[in-house]
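> I am attaching a structure below and will ask some questions about it afterwards.
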Amino acid sequence: MAKLVFSLCFLLFSGCCFAFSSREQPQQNECQIQKLNALKPDNRIESEGGLIETWNPNNKPFQCAGVALSRCTLNRNALRRPSYTNGPQEIYIQQGKGIFGMIYPGCPSTFEEPQQPQQRGQSSRPQDRHQKIYNFREGDLIAVPTGVAWWMYNNEDTPVVAVSIIDTNSLENQLDQMPRRFYLAGNQEQEFLKYQQEQGGHQSQKGKHQQEEENEGGSILSGFTLEFLEHAFSVDKQIAKNLQGENEGEDKGAIVTVKGGLSVIKPPTDEQQQRPQEEEEEEEDEKPQCKGKDKHCQRPRGSQSKSRRNGIDETICTMRLRHNIGQTSSPDIYNPQAGSVTTATSLDFPALSWLRLSAEFGSLRKNAMFVPHYNLNANSIIYALNGRALIQVVNCNGERVFDGELQEGRVLIVPQNFVVAARSQSDNFEYVSFKTNDTPMIGTLAGANSLLNALPEEVIQHTFNLKSQQARQIKNNNPFKFLVPPQESQKRAVA
């Protein structure tokens with residue numbers, strides 16, 4: 001009973017923390033940016049089953065946005081070891097499919113191994129029970145709250161590529177602004193430790209040698225003594241050494257290869273799961289509704305359990321953790337000649353309200369343009385998934401702080417209120433944009449419903465020193481709201 005009360009208290013406390021999390025303000029002058037660059041990863045850490053690449057979080061644009069960015073590649077049968085971070089995370093699946101799990105303290109283990117028939121003379125083996133496992137596929141956005149441990153596994157031939165950000169400016173991060181990943185197992189190199197030590201300034205030769213040793217990394221369990229681990233887990237010394245990672249090769253790293261594949265209790269795929277859910281909903285609709293105390297009326301399944309629920313289990317332990325915004329999803333903005341945009345905010349993906357983050361997937365056809373626009377209440381971290389685009393960014397002084405190409409695999413950070421416009425240079429430019437607000441808003445400067453379109457004609461005329469007819473053209477010539485087709489397409493449409 002005491003254990004149950006503790007769990008409920010923890011869940012209530014966690015729910016409150018997640019729900020009211022916000023962001024700290026960047027330090028003074030961190031957003032006084034005169035020049036932006038399209039950045040590629042500058043650190044690469046190879047493991048047995050894949051690799052992890054990171055961008056330097058000490059770069060000024062990352063400091064301004066208050067985020068850290070990394071990219072993980074998992075080969076066939078590769079398992080990314082469980083870890084948690086000091087800030088909330090968003091993970092976008094650029095390629096591949098597989099399974100992942102999260103471990104919420106206080107939530108029940110609902111996946112249970114089937115009971116095996118016991119042979120005569122054999123001792124019974126405890127059934128494996130664990131928390132829920134989820135499928136993921138290309139285009140999925142995965143929400144990971146602060147301090148929640150998660151793992152990921154690739155059970156297909158195609159390598160999994162996952163891009164993720166950590167919000168280090170979140171108020172849930174009670175440490176400094178440096179991203180930190182806490183691994184539960186292994187002796188892998190910490191992907192952000194290098195930058196943490198660089199931030200400390202120049203070191204002596206002795207200090208550099210010590211840094212190289214520290215960069216070898218380790219898990220949180222490797223720091224405890226054998227005696228403590230034996231006592232805590234009730235295991236012998238040999239198992240305790242394995243918990244420390246003492247008997248492990250240095251080349252395994254944060255991503256290990258599971259020989260023969262991972263055998264766990266996992267959910268059906270999306271295709272297998274869709275039809276049973278539809279049939280169950282149809283059965284619920286066909287059942288009669290009970291009124292009053294009619295004992296002969298058959299109540300719908302789950303009605304009794306629903307009446308006993310207190311809401312905690314639904315808001316934390318069973319919340320939806322992934323949401324697809326890729327090419328296969330229904331776009332929020334669509335122009336057949338220009339492209340499409342799909343967003344994920346806390347309005348359609350409630351888990352994001354705990355992270356205070358959101359994301360946007362966009363696809364632009366060749367020479368199509370996303371009109372000049374700005375984020376009212378968020379920084380934008382734009383990662384190019386495919387193709388290339390010409391992008392211009394302007395700051396508050398009217399200076400072009402970026403005027404160049406954003407190519408596949410590179411990232412461009414656009415601070416809040418900086419104005420950005422993009423035009424695709426390839427047949428299909430695709431990007432994902434992480435935003436530091438769960439309900440981001442954008443304002444467009446051109447096209448229908450834009451700022452200039454909403455101004456009175458005479459205000460435009462006198463503001464820009466134009467003739468009346470010219471002001472009217474600015475207001476009415478572009479009928480598109482966000483995405484503008486190539487100019488030749490517009491000319492053909494007018495003709």
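Counting begins at 1 with the first residue displayed.
Each Cβ is built from the backbone N, Cα and C atoms, and glycine gets one as well.
Pulled the feature table from Swiss-Prot, pasting it below:
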SIGNAL    1-19  signal peptide
DISULFID  C31-C64  disulfide bond
DOMAIN    36-241  domain 'Cupin type-1 1'
REGION    196-217  region 'Disordered'
REGION    260-312  region 'Disordered'
COMPBIAS  268-277  compositional bias 'Basic and acidic residues'
COMPBIAS  287-297  compositional bias 'Basic and acidic residues'
DOMAIN    323-472  domain 'Cupin type-1 2'
MOTIF     486-495  motif 'Vacuolar targeting signal'
> What does the DSSP secondary structure composition of the domain 'Cupin type-1 2' (323-472) look like, as residue counts for helix, strand and coil?
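Counting residues per DSSP class in the domain 'Cupin type-1 2' (323-472), I get 20 helix, 69 strand, 61 coil.
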> Around C64 (disulfide bond), how many other CB atoms lie within 10 A of its CB?
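That number is 22.
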> Long-range same-chain neighbours of C31 (disulfide bond), Cβ under 8 Å, sequence gap at least 6?
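Residues satisfying the criterion: C64, P415.
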> With H, G and I counted as helix, E and B as strand and the rest as coil, say where DSSP puts C31 (disulfide bond).
coil
> Give the mean pLDDT for the domain 'Cupin type-1 2' (323-472) on the 0 to 100 scale.
96
> Three-state secondary structure of C64 (disulfide bond) from DSSP?
helix
